[in-house]
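Noted in TrEMBL for the protein shown:
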type	residues	note
TRANSMEM	16-36	transmembrane segment
TRANSMEM	57-83	transmembrane segment
TRANSMEM	103-122	transmembrane segment
TRANSMEM	134-156	transmembrane segment
TRANSMEM	162-180	transmembrane segment
TRANSMEM	214-231	transmembrane segment
Amino acid sequence: MSSPALYWFLQGTRGIASLPALILMASCAGFAALALESGLTRGHAVLMTAGIWALPAQIILTGAMHTGLNIVAAFLAVTFSSIRFMPMLAALVPEMRTERTPLWKLLLISHFVAITSWVFALRYVRDVPREYRLTWFTGFAVPLTAINTVIVAFGYGLLSAFPPILSAVLAFMTPVYFLLSMWGSARDVMTRVSFITGLVLGPAVTPFAPQLDIFYAGIGGGTAVYLADRWRRKRKEARS
């Protein structure tokens, strides 16, 4: 790695000390507590963290395994929860690549894109020379994933010796982090409307379909808001 490339890699690594990254670390400790309480093994928790690297999907899969949800429904729920990465990557990749960037590098680094790294990248990427942006992002995203995987591995065993209230607080940080991150990354009003709709529908659906409440709330709420937004746009165009 050349000297400028190493410099920008280390500049990216400095972001691990940022507040969003530290919150994510606490959230991953919370996920370790959730996994422990749900009956998952340490290996399951570590594999899910390193392999999925998306806390919402990890929480959904943990809930599905805990409630005995069938594998097809669990697969669909996790898949739909991760569809958001497609537009996220569509927005991020043009900022990262150059004419000489190999496709395999983009595909490889895309695994490490999550809410924290995506928001961090979009905020600071334009301060980095284009030819070193992928290197800079790698310096942030890859160590962040590795550190949080280690936190889950060691936190899983340590949390069992802590007071239950501490495990509960750490576990609660996971949904709080998710809520705040998604709300902060919303770029338009309708995204926030759909977010609120899902929050309302989730508890409302739980008594009737506890195993598929997140799935139904997401699909139903998202579809309703999408149709409402289309109707709003057409009405606005008709008036203009």
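Backbone N, Cα and C define each Cβ position, glycine as well.
Just so you know, TrEMBL annotations never went through curation; they're auto-generated.
Keep in mind the model is a prediction, meaning the values are calculated, not measured.
When each of the listed stretches 16-36, 57-83, 134-156 is scored by C-beta pairs under 8 angstroms to the transmembrane segment (214-231), 57-83 comes out highest.
Highest Cβ contact count with the transmembrane segment (16-36) among the listed stretches 57-83, 103-122, 134-156 falls to 134-156 (criterion: pairs under 8 Å).
Residues 15, 18, 20-21, 23-24, 53-55, 85, 88-89, 91-93, 95-97, 134, 137-138, 140-142, 144-145, 178, 181-182, 184-185 of the same chain, all 6+ positions outside the transmembrane segment (103-122), place their C-beta atoms under 8 angstroms from a C-beta of that stretch. Listed by sequence, the residues of this chain that lie at least six past the ends of the transmembrane segment (134-156) yet keep a Cβ under 8 A from its Cβ atoms are 1, 5, 8-13, 15-16, 21, 24-25, 28-29, 31-33, 35-36, 42, 45-46, 49-50, 53, 96-97, 101, 105-106, 109, 112-114, 116-117, 120-121, 125, 128.
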